[in-house]
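Taken from Swiss-Prot, the feature domain 'LCN-type CS-alpha/beta' covers 1-59, and the record attributes it to sequence analysis. The feature disulfide bond is assigned by Swiss-Prot to C11-C59, C15-C35, C21-C40, C25-C42.
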Amino acid sequence: KDGYPVDSKGCKLSCVANNYCDNQCKMKKASGGHCYAMSCYCEGLPENAKVSDSATNIC
């Protein structure tokens, strides 16, 4: 699945550079990622990966 991965507090990973996000996403077993709207966006995450949900976002 695709989406904005979250940290242990449930917050999106903030970013300014695409290479940072690509590395962070790959560590979460995604195919890759990029920085979009100041947050990391991952593509190809496992289905069980936790991603940001605007309905429950508390950050």
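Backbone N, Cα and C define each Cβ position, glycine as well.
Swiss-Prot feature annotations superimposed on the structure.
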{"residue": "C11", "record": "disulfide bond", "CB count, 10 Å": "14"}
{"residue": "C15", "record": "disulfide bond", "CB count, 10 Å": "19"}
{"residue": "C21", "record": "disulfide bond", "CB count, 10 Å": "25"}
{"residue": "C25", "record": "disulfide bond", "CB count, 10 Å": "24"}
{"residue": "C35", "record": "disulfide bond", "CB count, 10 Å": "19"}
{"residue": "C40", "record": "disulfide bond", "CB count, 10 Å": "27"}
{"residue": "C42", "record": "disulfide bond", "CB count, 10 Å": "26"}
{"residue": "C59", "record": "disulfide bond", "CB count, 10 Å": "11"}
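C25 (disulfide bond) has its Cα within 10 Å of the Cα of these disulfide-bonded residues: C40, taken from C11, C15, C40, C59. If you take the CA of C35 (disulfide bond) and look 10 A around it, the disulfide-bonded residues you hit from C11, C21, C42, C59 are C21, C42. Cα of C11 (disulfide bond) to Cα of C21 (disulfide bond): a distance of 14 Å. Applying DSSP to the domain 'LCN-type CS-alpha/beta' (1-59) sorts its residues as follows: 10 helix, 16 strand, 33 coil. If you measure from the Cα atom of C59 (disulfide bond) to that of C40 (disulfide bond), you get 15 Å. C15 (disulfide bond) sits 6 Å from C40 (disulfide bond), taking the Cα positions as reference. In this structure, the C-alpha atom of C42 (disulfide bond) lies 8 angstrom from that of C21 (disulfide bond).
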